[in-house]
Structures are given as structure tokens and as C-alpha cells.
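Here's the structure we're looking at; comments come further down.
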Amino acid sequence: MKERNYLFDNLKFLLIVLVVFGHSLEEISLEHNYAIIRAWIYSFHMPVFVFISGYFSKSVRRGGEGARKTIINCAIPYFIFNTIFALCTEKTLAINILTPKYIFWYLFSLLIWRLLIDDLKRIKGIFILSILLGLYVGGIHEADRFLAISRTIVFFPYFLLGVLADEATIAKVRKMPKRYSVIMSVILSISVILLHIKNMIPVKAYENIQCYQESGMNNLQGVVTRLFAYGVGIVAILCIVNLVSNEKKWYTVYGSRTACIYIASAFSVKILYKFIDYIWTADFLFSHIEVGILLSLCVTIITIFTFGSKKISDTYLNVNKKLGDVLVKS
């Protein structure tokens, strides 16, 4: 039996911590010091996450069992939890299931990527084409949250890189001198932070939700900014894969349960901050960033260790599998 590769579990743990922490900061403020932290996190955490998803999508095929697994792992959770979230937050029955809410865009995009990748990866020069399409879509006003069009297209190059990477590729990256990765990580981090402070690249430029104009940029600025973001994302993938330990740690097991944690965080973050609002006002947290960061860390810890527990994670997987057996024929 092949030994489990702990590298990717450790990577996923790091990334899910950043995902939950970043969303926790959003609940406090979208501006100033909080935005600086979010800009740094968002510049690399989803590119690496998407890369890992692509790496583990190699065996997925459009038809047969591959499509069935994709529907069970992506489509069913999306339709169920996106609908529940929309009902809870919008308080209306008029829900458009083709417009992903909050973090559920990722499940929708992952569904599309996995269903199409078997054909797309055969196209000559597909990586360059995907980058060009990612730059082009930023100029289209209609490319927004509907069908997660913008994010599905813009983040696809990272997914493609993951699909194209193999064990030998990862091994080569792991052999890179770690001091180079540390130096590059510091340079990129400083660059992202300074560019944000000087109002040259806003957080929205890394979120890829909407067109350039709605992010406060003209088309030329948007293209240059997105090229920079692609560069940051790709270099971040190399650096993080190189630096993260491949040994089993106390937190490794939580990295293997990120599906449950990711979905649950959409609800836990919102609910926990409802309670926090009764204790601290938004103005207080805005002016006391140290308290806001501490609270965000607490929300992150509670979310990860609650929904990353074996019992809850296994329950989620088992229920999802049973629903899949009922709804999707093998």
C-alpha cells in the first residue's frame, strides 16, 4: 500500500487556516490594516489551493465513475449548502442556484474544471491560452458572480498547472534551495503589501470576482495587475511547495479534512461574528486591530478544530456518499 503523502495534507492545513482567517477578517472590516493582511493572504492562498485541487484531479474523467465522483464531491455539496446559505442570508425563496454565494464559488468552479479538464488539457498551448483568457475576461462587465465566470476562468491556469504537475515535478521543486524560497517569499510579500498601501493594487484584484473597472482600474491597469497577480501566484506555489514539511505533524490530519472545514466555515464564521457583535462594536474592532486579529484567530481555531474533528468530518463524507449513491447512478 502506497504511503500517504503528508506534504499535501500539511499544505491544505496551512491554506484552510488562511482561508478561514481571511474570511474572519472580512467580517470586521474590508479596509485599512485589515485589508493589508487580506491582500497578502489573498495574493497566494487560493492559487495554491487551486493548484492542489488540480494535482489531485489527474484521474478524473468526464464520463463514467470520474464524472460520478465529481458530482458527488462538488455538485451535491454545492447545491445543498449554497442553497442553505442563500436562504439564511438573503431571506427569500427566489434563489438563483447558478450564482454561487460567498465561498461556494469554489465548489462550482471545481465542478466545471474537473468536467472539462480531460479535453482542455489536450489543446496545444492551453496554459498560455488560459492566461490570455484570464486577462481578457477582466475587461468584460458581464463576467461576474453568475456561474462564477470570472473566477472559473481566472483561476483555471493554477488548476491546469496542478493537473500537469507530477510527482517528479514536485520532487524537483522540493530540491530547490529553501533559502531562495524564503527570499522570494519575503520579496513578494513586501511587494504585495507596499502596492496595496500605495493604492496601486486593491484586494479585489486578487479576489477576481469582477471586471477591472469595478475593481477601480482601467483595462490596461487591470491587465498589468493581473499579470503581476499571476506571477505572484505561480511563484508562491513553488515557494510554498518547497518550504512546507512533508513529514507527519500534529496538524496533518486536519489537512485531510479540509472539505468539511471549508464548507462549514461559511456558516461558523458568520454565526460566531453575530455573537461577537454583541460584545464589541465594529468601530472598536476597526480601531483596535490587535483585538480583531485575536478574535479572527479564535474563530479560525474554533472552526478548524470543531469541523475538522474525525467524527464530524466522517459524518459529512458518509452522508455525502449516501446522497450520491441515491442521486447518482454508478
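Quick reminder: no glycine exception, Cβ is built from N, Cα and C everywhere.
The shown structure was predicted, so the numbers you read here are calculated from the model rather than taken from an experiment.
Straight from TrEMBL, the features:
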TRANSMEM  7-25  transmembrane segment
DOMAIN    8-304  domain 'Acyltransferase 3'
TRANSMEM  37-58  transmembrane segment
TRANSMEM  70-87  transmembrane segment
TRANSMEM  93-116  transmembrane segment
TRANSMEM  123-140  transmembrane segment
TRANSMEM  146-168  transmembrane segment
TRANSMEM  180-197  transmembrane segment
TRANSMEM  227-244  transmembrane segment
TRANSMEM  251-273  transmembrane segment
TRANSMEM  285-307  transmembrane segment
Please report, as numbers and ranges, the same-chain residues at least 6 past the borders of the transmembrane segment (285-307) whose CB is under 8 Å from any CB of it.
16-17, 20-21, 24-25, 28-29, 32-34, 37, 254, 257, 260-261, 264-265, 268-269, 272-273, 276, 313
Spatial neighbours of the transmembrane segment (251-273) far in sequence, C-beta under 8 Å, 6+ residues away:
6, 8-16, 19-20, 23-24, 27-28, 73, 77, 81, 85, 88-89, 102-104, 106-107, 299, 302-308, 310, 312-313, 316-317
Same chain only, please: residues at least 6 beyond the ends of the transmembrane segment (70-87) with a C-beta under 8 Å from a C-beta of the stretch. Say none if there are none.
60, 93, 95, 97, 100-102, 104, 107-108, 110-111, 114-115, 259, 263, 266-267, 320-321, 323-324, 327-328
Sort out the residues at least 6 away from either end of the transmembrane segment (227-244), same chain, that have Cβ-Cβ distances under 8 Å to it, and list them.
7, 10-11, 14, 43-44, 47-48, 51, 131, 134-135, 157-158, 161, 170, 173-174, 176, 178, 181-182, 184-185, 188, 191-192, 195, 201, 205-206
Does the structure show the transmembrane segment (180-197) and the transmembrane segment (7-25) touching, where I'm treating 3 or more Cβ pairs under 8 angstroms (sequence separation 6 or more) as a contact?
no
Under an 8 Å Cβ to Cβ limit, what residues of the same chain, 6 or more beyond the ends of the transmembrane segment (7-25), are close to it?
34, 37-38, 41-42, 45-46, 48-49, 52, 55-56, 103, 170, 174, 240-241, 244-246, 249, 251-256, 258, 261-262, 265-266, 269, 273, 292-293, 295-297, 299-300, 303-304
